[in-house]
Amino acid sequence: MWKIITVFGFWTLTSFLCHYCGKHFLNSETENESTYNFIKAFILTLYQTFMCYSLIEVKFHSDKVYICISVCHVLATLSTNCSMALMFASSTFAIKLMEPITSACVQRLLLATPLHPSIFVSLPLIVGGACMFSGNPLADTSLSKGTLMAFLSNVILAVRNAAIKKDQHNSSRMNLRPSSTIAMVIICHLVFTTVLYLIETHYGAENILTRAVFFTVLSSVFHVVYSYISSNIVLRYMSVLSHSVCNIMKRVLVVILLYIVGSRHASFSNFLGLMVSTVGLFIYVGFKVSLKNSNNRDVTSKEQGKRDRMSIKIAAFLISLVCLSIIGMYSDTNIKLRYRYDNVAKMPLEDFESRSFGRKSLDMMDTLDLEPDVDEGHFENIPRLKRFLRKKLIQTPYDTDILSLHLKTSTDVIREAQRVHFNLFKDLLLGFRYAMLFDVAVFENKGDPAISSGEIYLLRRLGIDLIYYCSISYCTDKNLHYAKNMSSIYSNKELVILVHGGGNIVGYAINDVHRFKVLKLFKGFKLVVLSQSIFLKNKNAHFELCKQFYCCNKNLTLVLRDRQSLSMAQTYFNNGTNLIMAPDMAFQIGRVKRYMSPMYDILWLKRNDDETPNYTIPRIPEGVSVKVKDWWGFLTPKGDNPLENAFLIATNGMMFLQRGRVVITDRLHGHILCTLLDIPHVLIDNKYKKLSSYHRTWTRGVENTLITTNATEAVSLALQLLKKYTDVIPPVAPFMNVIENPG
């Protein structure tokens, strides 16, 4: 009995450690995109396969069987690793709870084993429970790929197990290699890892490669051990039924272990799904036990009673285990769910809101106050996030969005955008005391003045004095030469030349031509083009001119505000020019509390220029009030100077958006200002992917923000937001249904 418990415990532990270490490798320092995920999963699989070959000696009665089993093992391992790369490891294992049922289906096809009717009861429970446990796996593209990979692994493993079981009657053999060989392999890996660690430490690196190799080797060793136990001990000395029961118990324990040690916290519905899945498996196993006992004529009533009692004990153990995990972990989860819907930062929301326009709005913030409390939030791979929070981002300027991808609320996204700004620009502008800012926006496109407002806030908070600025209409040749003469009294170590951000590189020639003049006149100074998108409509003569001016200038820093623009800049403007990725500068305005009642259920911000997605407004359901308008015509009272006008126009843009309980927008700054106001909203992307590129880079985790390319779907999504947040967003002003002059 103790031998069985020991083998089962070791099997469970090594399975958990294999996938836990593998998950750490899959969450290493590369960006979280599907292509990179598949590459990392492939590397991990390759190493696990190599370790199996190095440590295990296998012999089957024919080469065909050997090839079949080997190929199935490699493909199943690759599928599992890909699944874990695309979603939580615990969700992968929940889906893999279905493997015994898959095995039954495969055995029916390959070994002609009859299917029991219990499958038609248990299978829906298992699949439905696994999906509940995964948290609606089909709601996200990457997650649905991960789900597919997990189910594919089930099928392949079922084929492998059927082949192994069938070949056990022949002279098949699977043994560990001699201890001297195993020791040599382990020593070689230890030496290699140690040398790599010493090299990285010597050069002041962050030991990223060492950690990756360390977790890969550990995962591979544990993979060998648990695969050996599963294939050579469990399948050899237990019946298929016993193997299925043990596999269920093992996976339930592994899932719970992954939740306990991981940074993901399960909700009640997650564990309810796990319980439903487990109950479905219990029904399947229970029917199989009854069928086996009724068909076994040699079993005495005493032996049958013992088997029935054992089945009851197994079922009781499974159900108790899941129930205890629900009670124990949900009690902790209830506390942690609060942070998801409020925020996960250390500074209270009220204090953060007061920093936007309050007494300390112009003071430099402590970036520690802007950091999330990663130990209290719903984060995965906490060690990696903690390392990211300690980084000087100027050293890794392309990987500044690591944390933003995990944030769920508007407030947390704003905090992180400001933290990234301060982290980057403190180093980028280190030592500079004065700045000139060109191309300030003071026109009625509310987004650009919001950017200008954020740029002014940033300079003041960094302690840099603005000594000259001009809007694009006043940045004439005469005024540019005036600024050039003015710069002569400053050294290039104390004066920095800044150009307003936006979304007009390449796409708007007038802005580029103005920037070219600035680059020529101030070529001896540090030049920074603040957060921009590249708007590439076509590769014409102007595009070639942009390549000439923006490329190969060591004094020039282009700040790109989304990963698509960064990729274009790396392709066309690299080779000397400094490239950085940072959020839109309007986020320096900060969190703004709604200050007026909505006038409509839906405010639809619809543009009518070259960037429009070209759609018609669909039919709106009765009882839902909608206002469709672009904000160019929502005019702003003017102040006494251009910068005052920029602030007034930006504020007027926020008033424009607050007229809707929810907002539909095809303008990027409709999205950004709604985020600052925490207004639920829907984005409609255009063919240039301007909105989706920014959304994917910085705000894709925000729960009250949805995106589509279809106007009809946008209405449907807006109605969903109205329903979901009806108790949170303010009602329409009471006077909107009163007509002034009915006659």
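Placed from the backbone N, Cα and C atoms, the Cβ positions cover glycine too.
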Per TrEMBL record, range annotated transmembrane segment [choices 142-159, 466-483]
142-159
Are there three or more C-beta pairs under 8 angstroms joining the transmembrane segment (211-229) and the transmembrane segment (180-199), sequence spacing 6 or more?
yes
Same-chain residues near the transmembrane segment (211-229), Cβ under 8 Å, at least 6 residues beyond its ends:
7, 10-11, 14-15, 17-19, 21-22, 24-25, 28, 43-44, 47-48, 50-52, 55-56, 73, 77, 174, 176, 186, 189, 192-193, 196
Grab the pLDDT values for the domain 'Polysaccharide pyruvyl transferase' (445-687) and give me their mean, rounded.
95
